[in-house]
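Engineer: As listed in TrEMBL for this protein:
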type     : residues : note
TRANSMEM : 26-50    : transmembrane segment
TRANSMEM : 86-103   : transmembrane segment
TRANSMEM : 115-134  : transmembrane segment
TRANSMEM : 146-167  : transmembrane segment
TRANSMEM : 173-193  : transmembrane segment
TRANSMEM : 214-237  : transmembrane segment
TRANSMEM : 263-290  : transmembrane segment
TRANSMEM : 302-327  : transmembrane segment
TRANSMEM : 333-351  : transmembrane segment
Amino acid sequence: MTSVTGEQVVETGAVVPVGRRSLVPIVGAIVFAIGAALVGLLVGPVHLGLGAITREALSHVPLLHVHSDMSATDKAILWQLRAPRVVLGLLVGGMLALAGGSYQGVFRNPLVDPYLLGVAAGAGLGATLAIAYGGGTVDSYDLLPLAAFLGAAVGVACSTVLGHAGGGSRNPAGLVLAGVTVVAFLTAVQTFVQQQHTQSLQEVYSWILGRLGTAGWHDVAISAPYIVISSAGLIAYRRVLDVLAVGDDEAASLGVNVRRTRLAVVVFATIGTAAAVAVSGLIGFVGIIVPHTIRLAIGSSYRIVLPLSLLVGGGFLVLADVIARTVVSPAELPIGVVTAFFGAPFFAIVLRTSRSFS
């Protein structure tokens, strides 16, 4: 039996940890994210010491008058290569994990990921068109984020319209089926375009498998506003998702506007995911691995699952990127390959535990 109170969600006699008890895991997640960021800054072909990085960072703080002994080359490596890569990894990983947890809550399905409604398929098609018809020039790569974002928006719009026509506004299953249909169609179109422009296949596959290696401050600047606003919106709905977890009828009886809540969560999650995908390519499994692991570890209350997903997801992707750029150094693995190595076996765990999800 499940009941909802103003302070906690109680299910089958077990109290989901919220309130003060959530402080310890949140602090742990913050430490994990900071630690992952430090690893991302330290590890690479060129060694940068923690002390040198600390002095360099403090030298930019007014009134401290800290002197940095870092060479110009090392400064360029730190600020132009590693720092934007780490920041973008934190943003993208956090957004994908947060969106995944939110989708799982609003659709009450632990196997749902941020790409459910055609974000990935639409972004993939947009990127493929930009690469294929841009001729692989620098201009085409400058257009990649915009093309991917517009493609993602088109994919979700098609899923929403089709789902609404099939009753998705009343039944989330209709929206899910519409997403599956749109994904299949857009993937078919993308495959057709790739076959017509075989000279661009390598660039397309590189983008599809995900990459942070080309990350710059420009990518951070164009994606951060969407990701920050979307994340804030989803975090604001974390308490309502706890109520929605007991069922639509029960939530409505408690004063929740179910349709408006579902729409708001889907919109925030989709916009944030589209922005993340636009600058990083398609990075799979983060939206499933992170929130589900947190749910298994500390309980299913979205008051704690969503903030932890944001923090742990960012740290997880930064560490995955470190592995991607070091395991076959001086070459790099696509970061999507690394997350797939973690995600594929994790599916077995998810499938075994999905029956206990509520």
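Every residue gets a Cβ built from N, Cα and C, even glycine.
Distances, neighbours, how buried they are, the whole picture for these features please.
Structural biologist: Counting same-chain residues at least six beyond the ends of the transmembrane segment (86-103), those with a Cβ under 8 angstroms from any Cβ of the stretch are 33, 36-37, 40-41, 112-114, 116, 212, 215, 219-220, 223-224, 227, 230-231, 234-235, 237, 241, 265-266, 268-270, 272-273, 275-276, 279-280, 283, 286-291, 294-295, 302, 305-306, 309-318, 320-321.
Beyond the ends of the transmembrane segment (146-167), by six or more residues, the same chain brings 117-127, 129-130, 174-179, 181-183, 186, 270, 273-275, 277-278 to within a C-beta distance below 8 angstroms of the stretch.
With a cut-off of 8 Å between Cβ atoms, the residues of this chain six or more beyond the transmembrane segment (173-193) that come close are 107, 109, 112, 115-118, 120-122, 124-125, 128-129, 132, 151, 155, 158-160, 162-164, 166-167, 266.
Within the same chain, residues 80, 84-85, 87-89, 91-92, 94-95, 98-99, 102, 141, 145, 261, 264-265, 268-269, 271-272, 274-276, 278-280, 306-307, 310 sit at least 6 positions outside the transmembrane segment (214-237) and bring their C-beta atoms closer than 8 Å to a C-beta of that stretch.
Among residues of the same chain six or more beyond the transmembrane segment (333-351), those with a C-beta under 8 A of the stretch's C-beta atoms are 110-111, 206, 208-212, 280-286, 288-289, 292-293, 317, 320-321, 323-325, 327.
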Engineer: Count the CB pairs under 8 A between the transmembrane segment (263-290) and each of 26-50, 115-134, 302-327, then give me the winner.
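Structural biologist: Stretch with maximum Cβ contacts: 115-134.
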